[in-house]
Amino acid sequence: MMSDYNWFEGIPFPAISYQREILEDIRNKFVVKEEDLLILTYPKSGTNWLNEIVCLIQTKGDPKWIQTVPIWDRSPWIETEIGYSAIINKEGPRLITSHLPIHLFSKSFFSSKAKAIYLMRNPRDILVSGYFFWGNTNLVKNPGSLGTYFEWFLQGNVLFGSWFEHVRGWLSMREWDNFLVLYYEDMKKDTKGTIKKICDFLGKNLGPDELDLVLKYSSFQAMKENNMSNYSLIKEDRVTNGLKLMRKGTTGDWKNHFTVAQAEAFDKVFQEKMAGFPPGMFPWE
């Protein structure tokens with residue numbers, strides 16, 4: 001399994017589109033501008049949904065931008081070759097997406113006033129979503145079974161490393177004024193409330209009609225039908241059975257896939273790894 005990844009500082013990256021030199025540059029040389037907005041997530045946490053919402057907030061609900069420009073051009077992934085190149089050459093405020101753990105992120109961010117949104121999701125759902133997603137790509141070795149992927153996930157031998165370490169790292173910034181923590185589960189339960197929370201954080205005033213447009217065009221169905229957001233433009237050589245980026249978009253799907261023993265094993269690891277956080281920090285627990 002080890003040879004199927006690009007390893008950097010103990011973190012596994014996909015074997016293509018990720019280079020050691022770029023990852024080093026991001027951490028040590030890349031300068032985050034004060035007007036930049038960062039979308040930070042662990043994979044399969046709802047990154048693209050959050051991106052779509054943020055893009056629509058920027059345009060006050062006008063869908064033209066999201067329907068004409070691919071999502072990876074609107075908010076490039078800084079850790080990819082193409083994304084990094086696009087970001088460093090972009091003038092003005094930048095929307096930047098990243099799955100990087102905190103210790104690999106740009107050092108300049110931590111002394112800047114740039115705003116960042118960190119989106120979290122129940123790691124059990126992330127595990128199941130990741131299993132079905134990565135199995136359809138040629139980016140990593142196919143685990144072959146959920147049981148195998150389950151073990152890899154708990155060990156942190158999956159893309160971008162351990163969920164537990166990723167979350168512990170970024171949550172160390174949760175008290176900072178320029179850092180907003182969101183939960184996928186809250187976004188599903190009260191999407192409009194979450195949109196308002198993001199607007200408040202960004203200092204954007206949207207009227208009721210504009211909020212409704214953001215809600216409408218960021219819906220699961222709207223994104224599924226938008227070729228600029230559903231990743232249908234990805235080259236076929238990267239995927240085996242078509243890239244099912246948007247499989248279900250639900251919460252609690254893990255209950256349909258975990259055995260009782262797996263559920264108990266996961267609970268045990270979660271309690272050990274996430275000890276010390278205040279009660280209520282994780283709404284799914």
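Placement of Cβ uses the backbone N, Cα and C atoms for every residue, glycine included.
Annotation source Swiss-Prot lists active site, proton acceptor at H99. Close to H99 (active site, proton acceptor) in the fold, though at least 6 residues off in sequence, lie L40, T41, Y42, P43, T47, W77, E79, L159, F160, each with a CB less than 8 Å from its CB.
On its own chain, K44 (3'-phosphoadenylyl sulfate binding site) has R121, D125, I126, S129, G130, F133 as residues at least 6 apart in sequence with a Cβ closer than 8 Å to its own Cβ. Following the DSSP three-state reduction, the secondary structure of K44 (3'-phosphoadenylyl sulfate binding site) is coil. The annotation 3'-phosphoadenylyl sulfate binding site is assigned in Swiss-Prot to K44, S45, G46, T47, N48, W49, R121, S129, Y184, S218, M223, R247, K248, G249.
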Binding-site residues: G46, N48, R121, Y184 - member with fewest neighbouring CB atoms within 10 Å: N48
